[in-house]
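Step one of this worksheet: look at the structure below.
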Amino acid sequence: MNLHEYQAKQLFREYGLPVPQGIACDTAEEAVSAASQIGGDKWVIKCQVHAGGRGKAGGVELVSTKDGLREFAHKWLGKNLVTFQTDANGQPVNKLLVESCSDIANELYLGAVIDRASQRVTFMASTEGGVEIEKVAEETPELIHTAMIDPLVGAQAYQGRELAFKLGLSGKQIGQFTKIFLGLATLFEEKDLSLLEINPLVVTAQDDLICLDGKISIDSNAMYRQKALHAINDTTQDDEREMHAAQWELNYVALDGSIGCMVNGAGLAMGTMDIVHLHGGNPANFLDVGGGATKERVTEAFKIILSDDNVKAVLVNIFGGIVRCDLIADGVIGAVAEVGVTVPVIVRLEGNNADLGRKILAESGLNIIAAASLTDAAEQAVKAVGGK
């Protein structure tokens, strides 16, 4: 689950971290009122969407008049913002953040993720603030400094100081950075975060550090104990198909291809997508129906896949371990008949009662192709959408 910038900064405030004075707004008049409350003669107004690249897309602007605030609000509220991180439709802008301006002398980067290899929260810091950290990692990886947090003892002040030295900070900046580092580490653990990013973390002309931006992702598996955060989730930013899938405990991620994929098991699903690519096709989605591939779940999976107008064929790849393939075949047939599938459906079954499952599919009389192997299934799917 992702948070908006204004929500992330509210958490920063709660943990004692320095952020600009800012107010979230729903209307143009609220934006003007917010500027009056903040004071000053210049403000930054930002579209609130779950995507990066807002500045380059026109979703962040420095304004010096109240009319400028109104104009920006009227331009974006109720519209969709398209950035390099969104699809062609973009994401809806329902809120704006009006903030005071900061006198920036230098921009830094500070973020944290869970490193699966070391099984520890890892902080990353760089002098290259204000740009995509992925680009820095690719072009100048030596400019990224890391600190791994031992889960037994937690983040230590010396780790913050060490990062501060590597960033070239001095004087009171070192103490400020260490406080931010320790606060973020506590926030990361207590709120079950999976990603945290401040880009940029700025040094002002007065030698103060301020969290100028904030990005937070929360582990969706921890929502049962993060109910307050779950309550502020902005579902308008989520893909409708992904929300539908979550209701049925299906793991679905929309992509931009033409071959819908339905698979049981995340690893098998990724392998299926790879082999579709290998044979010249493009998957329209990642969909893992899990171990309980019942008729009801398969039916909902078909509905989700076919709600994408780009889907020209559906590839079903099921390994029958706990679940028998003949029952899966019955479920696929029932789902195809109920949903009224009009595109070709290619089914590859392997494992428990696979031969019986393929026989049931072949005798169904529906537009279902029983593939002999995964390679055959991928070739049939690519052929069905007009590929070679």
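If you go along the chain as it appears here, the first residue is 1 and each next one adds 1.
Glycine residues also receive a Cβ, built from the backbone N, Cα and C atoms like all the rest.
From a predicted model like this one, the values you see are computed outputs, not experimental measurements.
Sequence-distant neighbours of SER102 (ATP binding site) (same chain, 6+ residues apart, CB-CB distance under 8 A): PRO20, VAL202, THR204, ILE210, LEU212. DSSP assigns SER102 (ATP binding site) to coil, not to a helix or a strand. The ATP binding site feature in Swiss-Prot is assigned to LYS46, GLY53, ARG54, GLY55, GLU99, SER102, GLU107.
The feature Mg(2+) binding site is assigned by Swiss-Prot to ASN199, ASP213, with sequence analysis given as support. In the three-state DSSP assignment, the secondary structure recorded for ASP213 (Mg(2+) binding site) is coil. In sequence order, GLU5, GLU197, ILE198, ASN199, PRO200 are the residues of the chain that are 6 or more apart from ASP213 (Mg(2+) binding site) and have a CB within less than 8 Å of its CB.
Following the DSSP three-state reduction, the secondary structure of GLY321 (substrate binding site) is coil. Per Swiss-Prot, the feature substrate binding site maps to ASN264, GLY321, ILE322, VAL323.
Look at Swiss-Prot and you will find 9-244 tagged as domain 'ATP-grasp', backed by sequence analysis.
In terms of local Cβ density within 10 Å, ASN264 ranks first among the binding-site residues ASN199, ASN264. Taking the C-alpha atom of VAL323 (substrate binding site) as reference, the shortest distance to any of the binding-site residues LYS46, ARG54, GLY55, GLU99, GLU107 belongs to ARG54.
For GLU107 (ATP binding site), the number of other Cβ atoms no farther than 10 Å from its own Cβ, over all displayed protein chains, is 17. Taking every protein chain shown into account, ILE322, VAL323 are the binding-site residues, and of these the Cβ with the most other Cβ atoms within 10 Å belongs to VAL323.
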